[in-house]
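Participant: Let me give you the structure first, and then I'll get to my questions.
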């Protein structure tokens, strides 16, 4: 994946935990056919969002690597591929499987342009 950076524990700590980055992390493994179908879609979107200077980064982690496995398990994810959405350093959601471009684009746009939900507004009343 040319437009997606490989991530390890050190980069995760720096970018996600310390810098509170907004990003997409795609967890795959080499032997996964479904993962291979997802990778070019994510790569294309990474190139587009980077070219447009959108405030989101794209990362890849191979679940067979110890660092990736540790993070993968900490979020209680099961199966690959998993596309994880992080906003300002906080886990937002994960979607499993080979997602199509339209779904990914919608989720990424929602990640970088969040709209406050009705439930969020209600919670704000009780703070």
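Using the three backbone atoms N, Cα and C, a Cβ is placed for every residue, glycine included.
Below are the features listed in TrEMBL for this protein:
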- 1-113: domain 'Thioredoxin' (DOMAIN)
Participant: DSSP says what for the domain 'Thioredoxin' (1-113): how many helix, strand, coil residues?
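Facilitator: Its residues fall into 50 helix, 27 strand, 36 coil.
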Participant: Over the domain 'Thioredoxin' (1-113), what is the model's mean pLDDT?
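Facilitator: Across the residues of the domain 'Thioredoxin' (1-113) the model's pLDDT averages 94 on the 0 to 100 scale.
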